[in-house]
Each structure stands twice: as C-alpha cells, then as structure tokens.
Amino acid sequence: MLLSWTSAQVRAAEAPLLADGVPLMQRASFALAGAVARVLRERRGRVVGGSVVLLVGPGNNGGDALHAGAYLRARGADVVALAVAPRVHDEGRAALEAAGSRVVVVDEDGVAAAAARAAGADVVLDGILGIGARPGGLTGVAGALVARLSARDDERGPVVVAVDTPSGIGVDDGSATGTVLRADRTVTFGAAKPGLLLPPAARLAGELEVVDIGLDLPGRPAIARLEGHDAAALWPVPGPAAHKYSRGVVGVVAGARRYPGAAVLATSAAVLAGVGMVRYLGDVADLVVARRPEVVAGPGHVQAWVFGPGVSPEDAAQRRRIEHAFDGVLHRAEPAVVDAGALELLPPRVPAHVVLTPHAGELARLLTARGHRVDREHVEAHPLRHARLAHELTGATVLVKGHVTLVVGPDGAAYAQSDAPAWLATAGAGDVLAGLLGAMLAGRAADVADDPSLAAALAAAAALVHGRAARTANPGGPVTARAVALALPETVAALLGADASRPTVGWTAGSTARATTGPTATAPTTGPTTRSADGPGRGGRMGR
Ligand SMILES: NC(=O)C1=CN([C@@H]2O[C@H](COP(=O)(O)OP(=O)(O)OC[C@H]3O[C@@H](n4cnc5c(N)ncnc54)[C@H](O)[C@@H]3O)[C@@H](O)[C@H]2O)[C@@H](O)CC1
Ligand SMILES: Nc1ncnc2c1ncn2[C@@H]1O[C@H](COP(=O)(O)OP(=O)(O)O)[C@@H](O)[C@H]1O
Ligand SMILES: [K+]
C-alpha cells in the first residue's frame, strides 16, 4: 500500500532529525540525483554530457535541486540553475558553484530565453516549490517561465522531474489551480504527499518515486492507495468447504425496459467476479437470464445488494423494490452498493456498509439535494472535500468515480486509486463496477458487518480490479463495458496468482518502512535508496 502524509506531518517527523543534525537534504538530493542520472541514461545512454536545467525557487525545495545539480555535475552532466527567486538556498548554491556550474537569476526580461534553454535540455528539475507552497499555482517569473514550458513538445522536449512535488499543487488537498509544471516523474522525500495521489493534482505528478530519508511517520496517514497485493488480500477467496450460499448471494436491482443494458452489465460483472449467486430483481429478467443464464430471477435471501444501475427514480416498481430492500440494509446489516438512479432513493442516514458510487455529476446532485449547492466542476476541482462532505451528511462510504477514483469511509479513511486507463470512461463501465463491488461485499458480508470500515477498503480494491480489467481487456486500446466485465475472471486470477501470498491490509496507523541501506551522513557512495511507487514495500504499511 502506498501511504501519504501531509506536509505538517512530514515537517513534524523531520524536526527531531534536523535538530540532531541528520543531513536530510543530502539524503534527499543524492537520491534525486540518482533518479535524474537514470533518466539521462535511459534517454541518451550516459550521464556524461547530459544537459540538466534546474528551476530553483527560494526555499529548501530549491536547495534539493541545487545539491542534486552538484552531484550530477560531479558525474559529468552539463548543469545550469535558473533561479526564479532573487535569493536561493545558500549552501545549495555554494555546492553547485563548487562543482563548476552557474546559477543564473531569471528576471521578467529573461523569461523567454530561460524557457528556451530549459526546453532544449534533456532533463528539467522542478525545484521551485515543495511542501512550503501556498496553493494557487505559480506566479511572477516562475509562473511566466512555467507557462511557456508547459507548451512543450512531449515527444522531443525535456523530461520534467519534480522535486518532492510538482511546484504549486495543493500539496495536502490535491488542488491544481493556476500555473503548475506537469512532471513526467516526481521524486518525493520521506513519504508520498496527499496531493501526489489525489485528483486533480495527481495527474500532474507523473510516475511517483518515494525516497526513504529515514523519517519516522507516526499516526494516521492522510491518503492511501491500494496495490495489487492489498486487493488480493481483500479478495473473498473460497475455501474447500465453501458452497454457493457461504460464498455470498448478491441481489441486483437494476435496469428498466428503457435501460436493459445496465442490468445485464451489473449482473454479468457480479457473476464474473465470482460470487456464489446473483439474484436479479427488475423488469428485464428475461433479457438478463438470456445473456447470463447463471442469474436467478426473483426475490430470496441475499447477503449484499446492488441498487440503481439503469434505474430511474420515477420507475415505481423499481423504487418499491429498492425501498423494500433497504430494510435489510438498515436492519440486518446487509451491505449495499447504491449507484446511479438509486442515489436519489437513499434514506437520510445510512451505515458505512452502504457504499455510494457516484461520478462527479451525481455527487454534485446528491450534495445539492442535501442543501449544499455545488456543480460538477466544483466537485471535480475538490473531489476529496466533497466526498468527505457526502460521507458526513449520509454516513455512507463514498466512492467517487473518475480518472482517480476516491473512496472515503469512516474515521477519516481515504483511498485514491489510479489503476484505470482513460479508455474506461465509457458508457456502462460504472454498471460493471457496481456489480463487481456488490460481489465483493457479498463475499465478505460477515466481515463488513463486524467492521463496516472494511467496505471502504473493498471499494478501493474493486476500483483497482475494475481498472486492471480494462487493461486486461485490451491493453493500450479502447474497451467496452462488456469487455471489462468479461476480463474480470482473468484479472482476478492474475491478481491472486501474483499477489495472494503478500501481507494483508486495512486502515490503521502506520509508519514508513525503512530501506535497509540509506545514504549516510558522509558523502553517499553506494547509491540512493529509492523505492518506486510500482515496486514492493514503498512508503509504509498498514496492519489489520
Ligand atoms: N527541512 C529539510 O531539511 C528538508 C526539506 N526538504 C525539501 O524542502 C522542501 C520544503 O522547503 P521549504 O519549507 O523551504 O519550502 P519550499 O521550498 O517549498 O518553498 C517555500 C518558499 O516559497 C515561498 N512560496 C510559497 N508558496 C509560494 C507561491 N505560491 N508563490 C511564490 N512563492 C511561494 C515561501 O514564501 C517560501 O519562501 C521540501 O518540499 C523538500 O523538497 C528535503 O530536502 C528534505 C529535508
Ligand atoms: N479519465 C478516466 N480515466 C480512467 N477511468 C475513468 C476516467 N473517467 C471515468 N473513468 C471510469 O469509468 C467509469 C465510468 O463510470 P460511470 O460514469 O458511472 O459510467 P456509466 O454510468 O455509463 O456506467 C468509472 O469507473 C470511472 O472511474
Ligand atoms: K518542486
């Protein structure tokens, strides 16, 4: 699991080490130089002669960039620092100059030339602002320079490596207003920061690399991202004594004569995700059973529900079925997915074993109906804030769909999953997610009844599997919702095969795991201790 901590938590963890004279900046900048050296080797075969432009702001973030520049200069790279503030980190500047490179202060008249210089480099290191940034984007010379650079040619332009965070994002809230330089890669220190995982800023961070600088981060992480082994540990795997009822029965109230496809997709996804039985309630049972003969039409005992795909709240029969089924949800602790048309039928307060699955527009409608007037654009700009508000107002676990899918549960738990290709943004994909999550909740209904906060972890795992299924269905190309559902068995098998033996997870306090060999107080010689966000053990872990 990739965990993130707020800038205040990171600063608090740094403070005692800095007081003891631990050279955190040297650790950070040495690892950063290693990351840039790898980019240079990938791009041009070697570090020697590679051109690196440092964009340097007024604080320690600029200090990191300058020190990294000094290491790179010592390894033969051609390094120049463009200072976008009148003063930069003194020791960093001295280190860079001692290594034989220059710091050029950019003023308003020099912006065009500086941007041209940066655009011609192999690598641009964005060290303008880090965790000290006030949200709202870059202004002044930095803003003007970055605005020009942002028009870069992705194919031939420089690789942009962000130092700790892309400069100017909302480090703690993931906001991305104003001018921000989109990075191809972000090398972040101590732990990931929430803004690197949260939409909309997450898409400006590129590939994420977390560098262990030895911080001990106690307390609750701010935002988590599940990885494959986490989802595998959450998956309801049947034991040898399993039978169809013990594996879970999911009841699906979906579809209408006008929208029959949603019922087919939601039930198909539930069947293909591997639940014990799927019951369908609605007006298009003939079609559902014709497409999925495994589905049982009509009422009966269930462990979990899916309400809403293809349901219009004006449809009196479906409305009655959902209202009736909510009885079991509220009084027998049956978990439920509440999607699409059923969102308007949600009772005033529900327990956290109810998972709402709106997209941004549906979330805006739900909040507006409960007295908080917002529009879709506003929700998209601040999805975490609005997901939290929906959780507070309803009591439900809230999953907000999008490029990054957010899940908010009780006790501040929040997950940000970024597993899906943009090809998944296609009609019916949400119906598949609802059916898939319903199957998972049915398979683990007893555990969810014991600990409703598990619903949030299961919802995040469903988003992960959904995104991976889209990639499995057609790697790198368009997918249909039906193809995503059909790819579920293979996706789950791959997940369990590759990852089932890894440790289990949940939402509790955690601390960063240490790399075994960190850079030392003396000049590091053995290489940086970095962990990629795609590699094992990064960032920290949680126990359940
Ligand atoms: N404390 C330490 O020794 C360590 C710090 N580290 C680095 O230090 C960074 C944090 O350094 P700082 O606390 O100096 O903060 P930053 O370097 O992020 O920036 C702070 C400076 O930028 C100005 N500023 C903030 N928002 C602005 C805006 N929107 N427009 C223009 N100017 C703005 C502030 O007034 C302040 O002068 C981390 O992100 C990390 O890169 C790492 O080297 C690890 C160790
Ligand atoms: N840009 C994107 N990148 C990746 N996934 C996306 C993107 N936009 C939407 N999605 C995913 O596509 C699905 C769309 O669901 P939804 O909007 O409910 O569609 P429908 O109601 O037609 O089924 C969601 O799972 C969402 O997370
Ligand atoms: K930065």
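Placement of Cβ uses the backbone N, Cα and C atoms for every residue, glycine included.
If you look up TrEMBL, you'll see Asn60, Asn61, Gly62, Gly63, Asp64, Asp164, Ala262, Gly310, His359, Asp431 marked as (6S)-NADPHX binding site. Under 8 Å, Cβ to Cβ, and six or more positions away along its own chain, Ala262 ((6S)-NADPHX binding site) finds Ala254, Gly255, Pro309, Gly310, Val311, Ala340, Gly428, Asp431. Reduced to three states, the DSSP call for Ala262 ((6S)-NADPHX binding site) is helix.
Residues annotated as K(+) binding site in TrEMBL: Asn61, Asp126, Ser167. In three-state terms derived from DSSP, Ser167 (K(+) binding site) belongs to neither a helical nor a strand segment and is classed as coil. The number of other CB atoms found within 10 A of the CB of Ser167 (K(+) binding site), across every protein chain shown, is 28.
Look at TrEMBL and you will find Lys401, Gly402, His403, Val404, Thr405, Gly430 tagged as AMP binding site. Reduced to three states, the DSSP call for Lys401 (AMP binding site) is strand.
Per TrEMBL, the feature compositional bias 'Low complexity' maps to 508-533.
Taken from TrEMBL, the feature domain 'YjeF N-terminal' covers 10-221.
According to TrEMBL, the domain 'YjeF C-terminal' annotation covers 227-495.
As annotated by TrEMBL, region 'Disordered' applies to 506-544.
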Let me check the 10 A CB neighbour count of Asn61 (K(+) binding site). How many other CB atoms are there? 26
Please find which two of Asn60, Asn61, Gly62, Gly63, Asp64, Asp164, Ala262, Gly310, His359, Asp431 have the most distant C-alpha atoms, given that the record lists them as binding (6S)-NADPHX, and give only that distance in angstrom, rounded to a whole number. 55
Looking only at the domain 'YjeF N-terminal' (10-221), what is the model's average confidence as pLDDT? 96
Ligand 3 is in the model; which of the binding-site residues Gly62, Asp64, Ser167, Ala262 have a C-beta less than 6 angstroms from one of its atoms? Ser167
Quick test of your reading of the structure: among the binding-site residues Asp126, Ala262, Lys401, Val404, Thr405, Gly430, whose CB sits under 6 A from ligand 2? Lys401, Thr405, Gly430
His359, Lys401, His403 as binding-site residues, winner by CB count within 10 A: Lys401
